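> The structure that follows is given in the form of structure tokens.
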Amino acid sequence: METSSPRPPRPSSNPGLSLDARLGVDTRLWAKVLFTALYALIWALGAAGNALSAHVVLKARAGRAGRLRHHVLSLALAGLLLLLVGVPVELYSFVWFHYPWVFGDLGCRGYYFVHELCAYATVLSVAGLSAERCLAVCQPLRARSLLTPRRTRWLVALSWAASLGLALPMAVIMGQKHELETADGEPEPASRVCTVLVSRTALQVFIQVNVLVSFVLPLALTAFLNGVTVSHLLALCSQVPSTSTPGSSTPSRLELLSEEGLLSFIVWKKTFIQGGQVSLVRHKDVRRIRSLQRSVQVLRAIVVMYVICWLPYHARRLMYCYVPDDAWTDPLYNFYHYFYMVTNTLFYVSSAVTPLLYNAVSSSFRKLFLEAVSSLCGEHHPMKRLPPKPQSPTLMDTASGFGDPPETRT
């Protein structure tokens, strides 16, 4: 959010200095090469992963995809747009050539608008997915009637509409301007940068609201919902016997990992409270045990990933906004200069690793993803459909939408 120079400019009118020195810009060659390699890797992996995720969802549209497909498509499009627009512009104008800004005033405003739009769309989609998952796990009966694909589509559309509105101010406060003037008082063309156009006070208010709405509140909501989901999963497993009798209506602890098992547990619990008796036998399913363990780990990993990737980015924005002009010493400039590139790299990493989270959350999506990879790699295996009565999906598949029973799809 600063300038096309990756640190606050210190323009000097001394004509005896080089333009680098007058604008306060100096990026070492080793840093340019290093961050170019990192950006190229992130761009390649992230663009391929998000494009393939969107491909999987669209191909599976009439088959196995459930509610998760809308969230996956939303996140994939946001990540793909951010990487395709953000990384090339940043490499050219923020890493290699800090000035002059060559994309014009509209390009400056559009770049920051798209950047902010994708950030909002990502966090709102993650929060919406966490809310659906929490409801599906904690209130499965209600979730069956409420969490339809049609309503999920409206939820995703609403999140993008909100993102458009929240990102629009960025196109107003950013713009192109010249940092230096010639001896005749005319703007110096070579000093053209993409930077903030509003006062420091207005910028402080904007950044505070932006950090709160685009990071703190969505992350807090996601952490809370995922915490409730994890607690409910663990509580259910502690309440249910680990074994069940053949022919008995008593669900085993392992059977809770499917939606059918979760619903039967509710019926069984009511019967048991009214005096029903159960007898137990040994029952094992190692794969489902591991599925539950993985589901709990993934819920926690989602929050941790966004904290690691986004917290430094927003901390750096606050630093730019609140450090007074007279406090920018040379060591602080140098720190900010490279901190800028590190935080933006982490920000783009979050878009690149998002497809990995899809694969970790849903075993059904993972199978579709691997089939698509195999097909694109030349094995030409078609994306096969599962039979009408597949193996019971894991609870995380049910909660996220893949593996929905046919009657719940609309």
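Including glycine, each Cβ sits where the backbone N, Cα and C put it.
As annotated in Swiss-Prot:
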TOPO_DOM  1-32  topological domain 'Extracellular'
TRANSMEM  33-55  transmembrane segment
TOPO_DOM  56-64  topological domain 'Cytoplasmic'
TRANSMEM  65-87  transmembrane segment
TOPO_DOM  88-109  topological domain 'Extracellular'
DISULFID  CYS108-CYS194  disulfide bond
TRANSMEM  110-131  transmembrane segment
TOPO_DOM  132-154  topological domain 'Cytoplasmic'
TRANSMEM  155-176  transmembrane segment
TOPO_DOM  177-217  topological domain 'Extracellular'
TRANSMEM  218-237  transmembrane segment
TOPO_DOM  238-297  topological domain 'Cytoplasmic'
TRANSMEM  298-318  transmembrane segment
TOPO_DOM  319-337  topological domain 'Extracellular'
TRANSMEM  338-358  transmembrane segment
TOPO_DOM  359-410  topological domain 'Cytoplasmic'
LIPID     CYS377  S-palmitoyl cysteine
REGION    381-410  region 'Disordered'
> Roughly how many angstrom lie between the C-alpha atoms of CYS377 (S-palmitoyl cysteine) and CYS194 (disulfide bond)?
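For CYS377 (S-palmitoyl cysteine) versus CYS194 (disulfide bond), the Cα atoms are 41 Å apart.
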> When you look at the transmembrane segment (218-237) alongside the transmembrane segment (33-55), do they share 3+ Cβ pairs under 8 Å, ignoring any pair fewer than 6 residues apart in sequence?
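Taking Cβ pairs at least 6 residues apart, the transmembrane segment (218-237) and the transmembrane segment (33-55) are not in contact, as fewer than 3 fall under 8 Å.
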> Would you say which of the recorded positions CYS108, CYS377 has the most Cβ atoms within 10 Å of its own Cβ?
CYS108
> Counting Cβ pairs under 8 Å that sit 6 or more residues apart, are there three or more between the transmembrane segment (155-176) and the transmembrane segment (218-237)?
no
> Across the topological domain 'Extracellular' (177-217), what are the DSSP residue counts per state (helix, strand, coil)?
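With helix first, then strand, then coil, the topological domain 'Extracellular' (177-217) has 21 helix, 9 strand, 11 coil.
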> Can you tell me the mean pLDDT for the topological domain 'Extracellular' (319-337)?
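PLDDT averaged over the stretch: 82.
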